[in-house]
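Notes follow the structure.
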Amino acid sequence: MTGEAPLLSARDLHKTYGPTPALDGVSMDVRAGEIVAVMGPSGSGKSTLMHCLAGIVRPDAGELRYRDRNLITASDAERSALRRREFGFVFQFGQLVPELTCLENVALPLRMEGVRRGEAERRAAHWLDRLDVADVAGKRPGQVSGGQGQRVAVARALVTDPAVVFADEPTGALDSLNGELVMRLLTECVEQSGTAVVLVTHEPAVAAYSHREVVMRDGRIRTSAGMVQ
Amino acid sequence: MTGGPASGAGWVRQLAFGVRLAFRGGATGWTRVALTATAVGLGVAFLLLAASVPNLLSARDARESARVDYLQHLERRGDDTLLLGFVDTQFHGIRIRGRLLQPEGPAAPVPPGLTALPRPGEMVVSPALAALLSAPGSELLRTRLDYRIVGQIEDEGLSGPGEFAFYAGSDRLEGWSGVQRLNAFGDPTPGDGLSPRLMLLVIVAFVVLLTPVVIFIAAAVRFGGESRDRRLAALRLMGADRRMTRRYAAGEALAGGLLGLAVGVVLFLAGRQLIGRFTLWDISVFPADARPSLPLAVSIAGAVPALAVTVSLGVLRKIAVEPLGVVRRSAQGRRRLWWRLLLPFAGLALLAPLFGGRADTDGQLARVQVGGGAVLLLVGVVTLLPWLVEAVVRRIGGGGGVSWQLAVRRIQLDSASSARLVSGVAVAVAGAIALQTLVAGVESVSVQDTGADLHRAQVNVVLSEGATFAEAKKITSRFAATPGVRSVTGTATSIGLVAGTDQDVPFIMGACPDLREMAEITRCRPGDVFITEHDPESSDAPEPPRPGQQVTVEDATWTIPATVTRVKGRRSPDGGVWRGAVLATPEAAADLAAKPLRLSLYLGLDRSDPDAVELVRNTAAEISPLTQVYGIQEVQVDDKFAGIVRGILVGTVAILLLIGASMLATTLDQLRERRALLAALTAFGARRGMLTRATLWQMAVPVALGLVPAVLIGTGLGLALLAMLGLPLHVSPANLLVTVSAGAGVVALVTLASLPVQLRLMRPEGLRTE
């Protein structure tokens, strides 16, 4: 894995919110198919790092490349397009659109890319099936359990066949059983497709699903260690 | 947790805890309370202003009544008499009330607002006129009112702080025509008030303007509903039962309502100080007059907090606050239509007995019926709207673009919120349509076409004290020489009496070109006399005098010559037609030409020169301050009607702005609640335009649906009111289009105004959970 060119490459990233430095010279690479866990206490800068790597937030200084594209100089529209086409996201509370059905939620990233509704929902149904939540396709997020909702969120992240999935505390709102189920399904899916995952978590049990751990503190990477699962 | 669930003291403590809860929650909590209080405050300020209208009108009427100077026409002079001349004028569209005063004895009355009568050459002016006279660009007015200012008219002598008025002293009024002699100011008898038609218009206007305000307040107390529900769920987790949560919610709503009430009073008091600085369409108001009537103020103070609590508890009935979260009671099934139709039908039932013009005679009861009927019909829009929105959006599929799908699904999920969001606009539009329909009907009897022809002349100058024909020629020359005057025609007029009868006959003297303006005269030479025919449609008009009959004019007797020619009357430039009048050239009545007759001149002006009419007024004032200068108008509007229409316009605009503010606040509240979701969708790469369009659709769809019952009920109410007055039923599609467009425009404005916040909320900071 180390011989391949990195998908994402960050060098000396700096980002400050007000007087507080959220990132203070962070460098790291993410390679295709790699699951990287970013760990650290609250306020250590791990979510900010994820937002920078995903092109959601533009760093104040440093270098950031996705494949051959410079994410620092890319326009907002270019970064948005990149997020729609190449990246997927899973958030702590799912962040499903409450008024859409689960099927429509999963189809949403495809529809935003202009895929016709029928085709988008066919592919969405396939992913719901893979994540074992096909039975909630017609229900709204408010009508399903937390675990089911998070699996729907994972399906939504994967439906575009992204190169990288960013997961911010994906099990933070779930009990341990559901958390394990979500992580198992997520890692199974990405390993089959060769998708990289940037996993922000403070739970060692969740980090155990990763190939490599990056520990952050005060906006800096303190340790980075490869693991064998 | 405060207090046990059963005790009375616990009940009060729980309510008080709810009040305290409203102010907790850090910046977000304060923002929510501030938003609610501001919105409720705006509504309360509006209600207090409306509650001040009775005092405002009565104070204004009292001041105007106290200065009435046109009722007395005393014959004999005395120590206590005063000669008074009316010298009203205008300056660039500003109406100026003017009076010339000449005391005939030491006890002559002093008008209200003055401490003493001005001496000849002096004048006392209103503060507004003083400011106007000292402003740059008022040179022509200063020339016209060439008196020394010796004081200001006090408030009690003015209809409002923005009124332009002056009292000038004179010593030349003795014997002038049009000058009155009086020994007191004031009208001892009550005024004629408003006609039933106009009263009806006022009642409906109040209902139409205030119903959306109440809806606005009801919407405002629901701000931050979702976060409140979450708070209540947390309290349930800590052991609060359902009753306790209701009391907490009631306390919280009470806090918003009471704070809103306080903000409303402050806004009203602050606004009252500012109100005196503005004059809108000649209406200005003294701050001290804007005092809410006590019963109405007490009603507002009680009703607003009660409304806040009632609405809040009503919302709680539709949800179940459980320890682990809030569950919406979705088992309510589809909304039923039948009871929603009861309100508008009840409204119609109240109005129906008044159809056929009975509103003119039924007095107080009719007013209550009209007000109640209008309220029920308008509130019917609010009750019908959720059913309509639900029934329609249920049938809309999720097809179309992503923005459309997001909007439609959101409305389907919570059609009540969507309906509530636009119910204010719908009611305001319904009310405005009803008012417009009614106004158009009343307009047909209050606004009259004068028949004036502005191509021939634009100004009519009348010299009431009269001029001989020789003097008239000089006066005509002076006006003709005034810059900006293109043409002058004029005649001397009087009313004669046919000898041996009690028949009046108008007598008009002028040169041939001037007489041709009054009648269809083909051939005319000096010495000719004409008689105009009577209106052929008027059967009871007396026959015009015949040749050889004698006519007494200004104490001189004159015989109608045998050569008199009968001609058809022609509309004068101001639209009047002389019927059965004698038209004589001066050579035909030399004795009368030497008498001072009332002079009426028609002036054609250079319409591109705004100073032309002002220069004419100055020439007129130089000839005699009592000379009247009238702008010729194509339509004549009943003053009271015009005032009410202006009031309605002001009110409608204010209401639409208020509702726009309410919609904006609600939209921002909803956006804030969806902050994390918006940020997540942005993280997914959602285009901002798509999310903005979703917000627009989310408002546009319910508004479009809301406008349907608004148009139907508004038109229905308007037609019902016309039927009550016995006026012809007519609906103006153009008016409908304008009103509906205004409602839609508010939505577009609100969407536009919410854009900056929406774009800000789409930032990734919304994803931060730490």
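Backbone N, Cα and C define each Cβ position, glycine as well.
For B:204-313 (among others), the entry in TrEMBL reads domain 'ABC3 transporter permease C-terminal'. A mean pLDDT of 81 is what the model gives for the domain 'ABC3 transporter permease C-terminal' (B:204-313).
The domain 'ABC3 transporter permease C-terminal' annotation in TrEMBL covers B:652-755 (among others).
Residues or ranges marked as transmembrane segment by TrEMBL: B:33-53 (among others).
What TrEMBL records for B:198-221 (among others) is transmembrane segment. Long-range contacts of the transmembrane segment (B:198-221) within its own chain (CB-CB distance under 8 A, at least 6 residues past either end) are made by residues 35-36, 39-40, 42-44, 46-47, 50, 53, 253, 256-257, 260, 304, 307-308, 311-312, 359, 367, 370-371, 374-375, 378-379, 382, 420-421, 423-424, 427-428, 431-432, 434-435, 438-439, 442, 640-641, 644, 647-648, 651-652, 654-655, 658-659, 662, 665-666, 717, 721, 724-725.
According to TrEMBL, the transmembrane segment annotation covers B:253-275 (among others). Within the chain carrying the transmembrane segment (B:253-275), a Cβ under 8 angstroms from the stretch's Cβ atoms is held by residues 15, 18-19, 21-23, 33, 36-45, 47-49, 217, 220-221, 223, 285, 287, 290, 292, 300-301, 304-309, 311-313, all 6 or more beyond its ends.
Tertiary neighbourhood of the transmembrane segment (B:295-316): same-chain residues 40, 43-44, 47-48, 51, 54, 214, 217-218, 221-222, 225, 245-246, 249-250, 252-254, 256-258, 260-261, 264, selected by CB-CB distance under 8 Å and a gap of 6+ residues from either end. Here TrEMBL flags B:295-316 (among others) as transmembrane segment.
Cβ atoms under 8 Å from those of the transmembrane segment (B:337-356) belong to residues 362, 366, 369-370, 372-380, 383-384, 387, 713, 716-717, 720-721, 723-724, 726 of the same chain, restricted to positions at least 6 beyond its ends. Annotation source TrEMBL lists transmembrane segment at B:337-356 (among others).
Remote same-chain residues near the transmembrane segment (B:368-389) are listed as 200, 203-204, 206-208, 211, 215, 335-337, 339-341, 343-344, 346-351, 353-354, 359, 362, 411, 415-416, 418-420, 422-423, 426-427, 430-431, 434, 701-702, 705-706, 708-710, 713, 716-717, 720-721, 724 (criterion: CB distance under 8 Å, separation of at least six residues from the stretch ends). Feature annotation from TrEMBL assigns transmembrane segment to B:368-389 (among others).
Away from its own ends, the transmembrane segment (B:419-439) comes close to residues 200-201, 204-205, 207-209, 211-212, 215-216, 219, 222, 374, 377-379, 381-382, 385-386, 388-390, 645, 648, 652, 655-656, 659, 662-663, 666-667, 699, 702-703, 706-707, 709-711, 713-715, 717-719, 721-722, 730-732, 735-736, 739-740, 742-743, 746-747 of its chain (Cβ-Cβ under 8 Å, at least six residues beyond either end). Residues annotated as transmembrane segment in TrEMBL: B:419-439 (among others).
For B:644-665 (among others), the entry in TrEMBL reads transmembrane segment.
What TrEMBL records for B:696-724 (among others) is transmembrane segment. Long-range Cβ contacts of the transmembrane segment (B:696-724) within its own chain (Cβ-Cβ under 8 Å, at least 6 residues beyond either end) map to 200, 204, 344, 347-348, 351-352, 354-359, 370, 373-374, 377-378, 380-381, 384-385, 388-389, 392-393, 403-404, 406-408, 410-411, 415, 418-419, 421-423, 425-427, 429-438, 441, 663, 667, 730-731, 736, 739-740, 743-744, 747-748, 750-751.
If you look up TrEMBL, you'll see B:736-755 (among others) marked as transmembrane segment.
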Same-chain residues at least 6 beyond the ends of the transmembrane segment (B:33-53) whose Cβ lies under 8 Å from its Cβ atoms: 22-23, 206, 209-210, 213-214, 216-217, 219-221, 223-224, 255-257, 259-268, 271, 289-293, 296-297, 300, 304, 308, 654, 658, 661-662, 665, 668-669
Helix, strand and coil residues within the domain 'ABC3 transporter permease C-terminal' (B:204-313) as assigned by DSSP: 87 helix, 2 strand, 21 coil
Structural state census, the domain 'ABC3 transporter permease C-terminal' (B:652-755) (DSSP three-state): 92 helix, 0 strand, 12 coil
